[in-house]
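Engineer: Can you read through this structure? Questions will come right after.
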Amino acid sequence: MAALTLPRPPFSAFILLLFLLRLPYSHQQQPQTPPAPSAGGELYFPGFKNSASNISLAGFAQIQRSNGLLQLTNHTSRLLGHAFYSSPFRLKASPNGSALSFSTSFVFSIVPEYPKLGGHGLAFALSPSPHPAALPSQYLGLLNSSDMGNFSNHLFAVEFDTVQDFEFGDINDNHVGIDINSLVSNDSASAAYYAGDSSGKVDLNLKSGKPVFAWVDYDSGSTTVNVTVSPSSSKPTKPILSFKVDLSPILNEHMYVGFSASTGLLASSHYVLGWSFSIGGGGDSRALELSSLPQLPGPKKDHRVALAIGVSFSVVLVLVLAIGAVFYIVRKIRNADPIEDWELDIGPHRFSYQELKRATDGFKGNQLLGAGGFGQVYRGILRNSKTQIAVKRISHESKQGLREFVSEISTIGRLRHRNLVQLLGWCRRRSDLLLVYEFMPNGSLDKFLFDGPETTLDWDQRFNIIKGVASGLLYLHEGYEQVVIHRDVKASNVLLDGELNGRLGDFGLARLYDHGSNPSTTRVVGTLGYLAPELSRTGKSDAFSDVYAFGAFLLEVVCGRRPIEPKAPAEELVLVDWVWERYREGRVLDVVDSKLNGEFNESEVLMILKLGLMCSNSKPDQRPSMRQVMRYLDGEVEVPESSRAPGALEVERGQGGFEDFLDSFASSSFDNMSSSSFTGRRDFDTTLSLSTPRSLPNVSTGYTR
Ligand SMILES: *[C@@H]1O[C@H](CO)[C@@H](O)[C@H](O)[C@H]1NC(C)=O
Ligand SMILES: *[C@@H]1O[C@H](CO)[C@@H](O)[C@H](O)[C@H]1NC(C)=O
Ligand SMILES: *[C@@H]1O[C@H](CO)[C@@H](O)[C@H](O)[C@H]1NC(C)=O
Ligand SMILES: *[C@@H]1O[C@H](CO)[C@@H](O)[C@H](O)[C@H]1NC(C)=O
Ligand SMILES: *[C@@H]1O[C@H](CO)[C@@H](O)[C@H](O)[C@H]1NC(C)=O
Ligand SMILES: *[C@@H]1O[C@H](CO)[C@@H](O)[C@H](O)[C@H]1NC(C)=O
Ligand SMILES: *[C@@H]1O[C@H](CO)[C@@H](O)[C@H](O)[C@H]1NC(C)=O
């Protein structure tokens, strides 16, 4: 650390001025043609000053002119930065030859925006392209969601990851990993180093903002990759990762060598201070010494600038600041919404109300995207990062419910999967809760299915959406450390991204109504037509009730109509019964959406319909788990023919299957009446016509504990 301290201000201010004066000259530097592909050789960059022509930069990445510091990202969300040596290296002696030994060392620093929360990480990479077509956030700028794990990626990377992504099975939020063609690490270890020969591991914080020394060595003889990190320039003798892998089939003959970094919802500035690389020589890459590397920008920088500008300016500045502060405080008092203790535990995802107000133009009507069950949704653009967002505004009369829900946001906000709509943050203002989500340009799926849609989806698109939603739901049920029950799976909660991939939204929201205001009632939440019959008896949602709703969803995607369609002829009123009748009669393809004009893959459609019926079984343990559903969808297992009606169980018990089925609708509708607005009006109407006096007494007992 001592080496990092800057000289006293007046001197450094002088240097700074010198650099400022020098700037025009560096502009005139001619871009040089990149040298021919290197075969064997060495790189040595103790800082990247005057190396702009040797390094190919992309994304945010830049080399600071003043001191030659390579910066890959700053504190802006969802950035990526690439810095690769401008010409590819020959990593194999011949196309079919074996990969050559190489050795590299570099010094990097990760300065997070919030002290303990990094975002997302940095990687040393061997890549076929100096600018991979990749995504930021958890993809680290190396891969995208469509090429994950593909053998044709020819990617080798060592990640220094500061966010724990459950999707990729990360071990923690401070680890080193070896990634081959995928961001699911082949081997990883918590960041640490062996201080001496005999002593144990010492933890190393990657996101401390201090320089971290790293070494990556590949030995072609023993086909081993070693990764070592240390807070100082002396290389520990024992690596933190030693992974046996023959890189020959993974690498191309010529590859680009360099770095990639990205930020996500949370951001860090990622810097590379120096880098050396050697290949084919057999020896270690040249050592880097901290004293010869550029210095990281520290808090002292402001000090320097202020002094360079001069004392007189600072006086003006102080005055301006003082006036600004007075205005700010006055405004703050006007908009005061004191933060309560429990909110402090939630973490950094809290947006300020002002920011969201600005982003949505003050929640103006023309920004309204829709008004759904849980509240209104507005479109917005965050001023700082220019990110498009959707803001959901929910009013909740019960402070208790709101409080418990907000405390769950920390969990929900950590769920990450490409088939879930990412929750970016939240804001509470009085009894309003504002949830900030990723913006989904194509809106919700129901608009493409029901009520004479303007555009409709072809079968392949529908099948892809079904698979996406299934894998999102499987992640909620099994991919996370705790089981997350969605409770409101339906077409209108499935949103479509720019590429028409299905993304499940609103997960966890239904929970808000569980912590309802009336303690004597356990509200059954969800939407009529998707509610599993057992919910009316137990009132408890579980993974199987999600599967039931998923079954209803499957049928509506194939048939292009809602689970209950009041306008339909009486026998077709309840979708699942209609499908079952047709299936029994061997005419099941009659139910397929006529908007498909008969163009569909018959075996896929049949499979989905059978699966839909299977999931709609009134007996929870007859429904498949989402993992089984995934197997059916992937064609690993064939969906069995069913010989019983989905409601058969109730008949056996002598309760009358169909009536019990309707009862469960009626009862859920009764509950909906009291919390008026959270199902669509159409559903509400239906239930009124379905509720018979006979079924109502059932209802009141069904819900009170
Ligand atoms: C950078 O490129 C120039 C011109 O091609 C070359 O002379 C120089 O050796 C290169 N430096 C490194 C470190 O590769
Ligand atoms: C990051 O860099 C961009 C572009 O140079 C700049 O507009 C933005 O203000 C920077 N963000 C932060 C937080 O420094
Ligand atoms: C390399 O391998 C490919 C396919 O395995 C083969 O067709 C080709 O002839 C080989 N080339 C050399 C130079 O051995
Ligand atoms: C994903 O990466 C592959 C290969 O790098 C590229 O061909 C493809 O276009 C990328 N897809 C997207 C959506 O960027
Ligand atoms: C892997 O990528 C290649 C080329 O980009 C593509 O043709 C192939 O379908 C991909 N394989 C998988 C399993 O995605
Ligand atoms: C690395 O992991 C990927 C998937 O995560 C796997 O396909 C590949 O076989 C693994 N490679 C090695 C050498 O273990
Ligand atoms: C990797 O580490 C192991 C264990 O310390 C060591 O035996 C081996 O020589 C190292 N290999 C390389 C290429 O550094």
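Just so it is clear, glycine is given a Cβ too, placed from its N, Cα and C backbone atoms.
Annotations per TrEMBL:
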SIGNAL    1-28  signal peptide
TRANSMEM  305-330  transmembrane segment
DOMAIN    363-633  domain 'Protein kinase'
BINDING   LYS392  ATP binding site
REGION    672-705  region 'Disordered'
COMPBIAS  686-705  compositional bias 'Polar residues'
Engineer: Neighbour count, 10 Å Cβ-Cβ cut-off, for LYS392 (ATP binding site): what number do you get?
Structural biologist: 22
Engineer: Could you find out if DSSP has LYS392 (ATP binding site) as helix, strand or coil?
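Structural biologist: Strand, per DSSP.
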Engineer: Which whole number is the mean pLDDT over the domain 'Protein kinase' (363-633)?
Structural biologist: 83
